[in-house]
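In what follows, a structure is listed as structure tokens, so that the remarks can point back to it.
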């Protein structure tokens with residue numbers, strides 16, 4: 001007779017062996033899609049890193065280099081996790097991989113949480129930087145932009161390292177202190193670690209939700225500012241052409257043409273980096289929504305809330321969908337960051353050459369430059385037992 005497992009709220013947890021076979025079919029989403037995503041991620045992000053080496057040094061380049069590196073490391077980290085938790089059945093898992101994974105799983109869970117937080121916060125920092133560049137251009141130009149971007153990434157890295165420490169500490173504590181042999185309840189941790197887990201769980205849910213909402217708010221603010229800036233430039237150019245004196249048409253038209261070209265060049269420069277950002281951040285918001293929802297459900301699944309129960313049946317359906325969306329972002333984001341950038345750069349190079357010859361602008365003024373179960377939840381459950 002199967003033993004009934006209970007969670008931290010005292011509710012029956014259920015056993016995977018009692019789940020209908022049709023629900024386990026959802027695992028094939030991860031089994032089939034992840035290898036394809038991993039191959040795309042490896043080739044695409046390496047290509048993105050190579051292309052960015054030829055780009056001019058800027059905050060956009062700094063943030064994209066960080067995002068591509070994080071995406072590459074994240075997907076390979078998940079490969080080690082999925083091999084360990086049995087997404088694909090190995091012929092002899094204990095001798096081939098089991099011992100290695102049991103000894104290093106804390107590290108892989110740690111890197112999974114850390115790299116995900118890193119990616120989320122870098123997108124937020126990139127979005128905030130674009131908003132400042134568009135809304136407060138004088139302040140943005142007055143500061144050392146590249147140093148500021150590198151400083152922001154270093155702070156994000158340090159905070160991510162510190163905020164993810166519970167995962168490996170909790171895992172290796174459980175490994176060093178095995179639970180009772182009767183298996184009537186989930187393994188309990190020390191009181192201090194349980195309190196740390198509760199605090200970490202709430203902080204993770206609140207921070208992820210706030211970052212998610214902040215990215216949405218900044219994207220809306222950027223679009224609104226760009227619309228206002230475009231309207232302002234058009235109105236100013238229209239006013240200049242209307243009030244121009246007939247006796248000074250040659251001089252005024254030349255000055256107006258140069259001012260108009262300069263204003264449009266600055267606007268296109270901002271649009272280039274901003275379009276790259278908006279494409280990537282929109283894809284991030286769509287694909288990461290289930291991950292944010294899961295962090296909230298984990299809070300509701302544990303004391304003191306106990307308002308929602310994450311069952312095995314729920315995970316068998318929700319988990320593969322969540323993993324598919326997360327993997328799609330980290331594998332395909334390079335397309336949404338690189339493609340608009342390369343397209344706009346090509347268009348701008350062609351148009352700037354024609355514009356220079358027709359208006360007499362110098363070359364210096366040219367704008368063309370020569371799981372079946374999510375590892376997050378699995379780690380939280382393993383250290384919450």
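Cβ coordinates are placed from backbone N, Cα and C, and glycine is handled just like the others.
What TrEMBL says about a protein is an automatic prediction, not a curated fact.
Range annotated as transmembrane segment by TrEMBL, chosen from 149-174, 175-200: 149-174.
Listed ranges 64-87, 232-255; the one TrEMBL annotates as transmembrane segment is 64-87. Residues 59, 62-63, 66, 105-107, 109-110, 113-114, 117-118, 121-122, 125, 129, 187, 189-190, 193, 196-197, 200, 203-204, 379, 382-385 of the same chain sit 6 or more residues outside the transmembrane segment (149-174) yet have a Cβ under 8 Å from a Cβ within it.
With a threshold of 8 Å between CB atoms, the same-chain residues lying at least 6 positions outside the transmembrane segment (315-338) that come near it are 16, 19, 23-24, 26-30, 33-34, 37-38, 40-41, 44-45, 47-48, 51, 64, 67-68, 71, 74-75, 78, 116, 119, 276, 279-280, 283-284, 286-291, 294, 371-374, 377. Distant neighbours of the transmembrane segment (205-226): 120-121, 123-124, 127-128, 130-131, 134-135, 270-271, 274, 277-278, 281-282, 284-285, 288-289, 291-292, 295-296, 298-299; these residues of the same chain sit at least 6 beyond its ends, with a Cβ under 8 Å from one of its Cβ atoms.
Non-local neighbours of the transmembrane segment (276-300) in the same chain are 60, 64, 67, 116, 120, 123, 126-127, 130, 201-202, 204-205, 208-209, 212, 215-216, 219, 222-223, 306-308, 310, 318, 321-322, 325-326, 328-329, 332-333, 336-337, 339-341, 344, 374, 376-377, 380; each lies 6+ residues outside the stretch with a CB under 8 Å from one of its CB atoms.
Predicted-model confidence for the domain 'G-protein coupled receptors family 1 profile' (44-337) is 82, expressed as mean pLDDT.
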